[in-house]
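Q: Got a structure for you, written out below as structure tokens; questions coming shortly.
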Amino acid sequence: MNWQQLCLGLLFLQTGTVSCGALGLEGKEAAVDYLLQFGYLQKPLEGPDNLRPEDITEALRAFQEASELPVSGQVDDATRARMRLPRCGLEDPFNQKTLKYLLLGRVLAHADIPELGSVHFDEDELWTEGTYHGVNLRIIATHELGHALGLGHSRYTQALMAPVYAGYRPHFKLHPDDVSGIQALYGKKIPETRDEEEEMEVPTVPPVSREPSPMPNPCSGELDAMMLGPRGKTYAFKGDYVWTVTDSGLGPLFLVSDLWEGLPGKLDAAVYSPRTQWIYFFKGDKVWRYINFKMSPGFPKRLSKVEPNLDAALYWPVNQKVFLFKGSGYWQWDELAPTDFSRYPKPIKKLFTGVPNQPSAAMSWTDGRVYFFKGKKYWRLNQQLRVEKGYPKNTSHNWAHCHPHTPSTTPSAGDTTPSAISNTDTVLDNTSSASDSMLSLPVNVTFPEA
């Protein structure tokens, strides 16, 4: 089986009557294909041969529980019948920018993850309302709008966001799981207040001003966090400041709070997920989530099931998970599906060979490799997650473009003079124009004073 070619195309089991005894190896492989495609099984980072029988059994149990079937962990008749039903082509924990609803091999509709928010329908389908004939437009459209708003699939078969299309249902209403899901993203409806209540003067507490930390020297090589952000921008964080790094040099230094309103400086970790287009920032026992420069409703939130004061975080595109690091351990986190954190933390060195404990920063970069940073050094890992020969190397020279003899002085905002920056011997082998060193900024952002 070619693991790299799994996609959103329909891989339904063949219809027809198959007895349990006639299932055989082919049927079991088809069931595993289904579990992989729809998010119940994950391709192991160590390779497809490392799929363990107990993992398959656990995935079957999860699928059966989500489908409200008797939980046996076996590919029984009821499980096979459920897998044959028409369903949404999206993983039950969805992970693609384009989401499709499939019925017997037909694409009914698809939606885009926020902030794209568009929904498209197949004009060749017979869209109907108020009848069992054809495909119900209202139910399919509302399901797709749920995806466009950021909802994944529900484990409840009667929910709007259930993965399997159950046909027309008169007097269809939202399931409590649908309601709680959308409220978790956008909050509950705020009740209207009386005019006299609106006119009451509420005393305000003046915000407590805090002096920002001294402007850091990018040539020191020591960082709080690194992140490959939206549009391929590389961000470096130190103290209360952030700057971009490109092949043409360093971008100007900005206060973190000037770019991401409400975000403190001196971060523990930062990571951008292309899967959801969300940026996560970690500090202490809290996590902040943003889309571009706008904070998501309900954030910051308190970390749970993961230790506070993380060291680093990265997004791994191979399995589309977020990895969190602290000390000698790591957690693997699925943003859009329940994660069994009882199996974590696991030793960093068991998966990332040659990486130091307590990394100060980490990220997956545009060259397909993973980078870890600690102190003034960085380590580059190959596709097998092993540190490459010749590493660690100097961070300030190769990432900050600093000449080895650059004086240890703090550059002023926007200082990109030759004395502070060198374009030679850099890991940044992508070609960028000088304008690429500038951030795509929100409105009314000003340069901090040195």
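These residue numbers are counts, starting from 1, taken along the chain as shown.
Quick reminder: no glycine exception, Cβ is built from N, Cα and C everywhere.
For reference, TrEMBL lists these features for the protein:
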SIGNAL    1-20  signal peptide
BINDING   His110, His120  Zn(2+) 1 binding site
BINDING   Asp122, Glu125  Ca(2+) 3 binding site
BINDING   Glu125  Ca(2+) 1 binding site
BINDING   His143, His147, His153, Met161  Zn(2+) 2 binding site
ACT_SITE  Glu144  active site
REGION    193-215  region 'Disordered'
REPEAT    216-263  repeat 'Hemopexin'
BINDING   Asp224, Asp268  Ca(2+) 4 binding site
REPEAT    264-310  repeat 'Hemopexin'
BINDING   Ala270, Ala313  Ca(2+) 5 binding site
REPEAT    356-402  repeat 'Hemopexin'
REGION    404-435  region 'Disordered'
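Help me picture where these features are in the structure shown.
A: There are 16 other CB atoms within 10 A of the CB of Glu125 (Ca(2+) 3 binding site), with all protein chains counted.
Counting only same-chain residues at least 6 apart in sequence, those with a Cβ under 8 Å from the Cβ of Met161 (Zn(2+) 2 binding site) are His143, Gly146, His147, Leu151, Gly152, His153, Ser154, Asp177, Asp178, Gly181.
The Cβ of Glu144 (active site) has 24 neighbouring Cβ atoms from other residues within 10 Å, across all protein chains displayed.
All protein chains considered, the CB of Asp268 (Ca(2+) 4 binding site) has 25 other CB atoms within 10 Å.
Annotation for Ala313 (Ca(2+) 5 binding site): same-chain Cβ neighbours under 8 Å, separated by at least 6 residues, are Ala225, Ala269, Ala270, Val271, Tyr280, Phe282, Val322, Phe323, Leu324, Phe325, Ala362. For the recorded site, Ala313 (Ca(2+) 5 binding site), the DSSP three-state label reads strand.
In the predicted model, residues of the repeat 'Hemopexin' (356-402) average a pLDDT of 88.
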Q: Once near-sequence residues are set aside, which residues in the chain of Asp224 (Ca(2+) 4 binding site), 6 or more away, have Cβ atoms under 8 Å from its Cβ?
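A: Once residues fewer than 6 apart are set aside, Asp224 (Ca(2+) 4 binding site) is near Phe237, Lys238, Gly239, Lys266, Leu267, Asp268, Ser360, Ala361.
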Q: By DSSP assignment, list the helix, strand and coil residue numbers for the repeat 'Hemopexin' (356-402), in that order.
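A: Here the numbers are 4 helix, 18 strand, 25 coil.
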Q: Pull the DSSP breakdown for the repeat 'Hemopexin' (216-263) and write it out as helix, strand, coil residue counts.
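A: Counting residues per DSSP class in the repeat 'Hemopexin' (216-263), I get 10 helix, 19 strand, 19 coil.
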Q: How big is the gap, in Å, between the Cα of Glu144 (active site) and that of Glu125 (Ca(2+) 3 binding site), rounded to a whole number?
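A: For Glu144 (active site) versus Glu125 (Ca(2+) 3 binding site), the Cα atoms are 16 Å apart.
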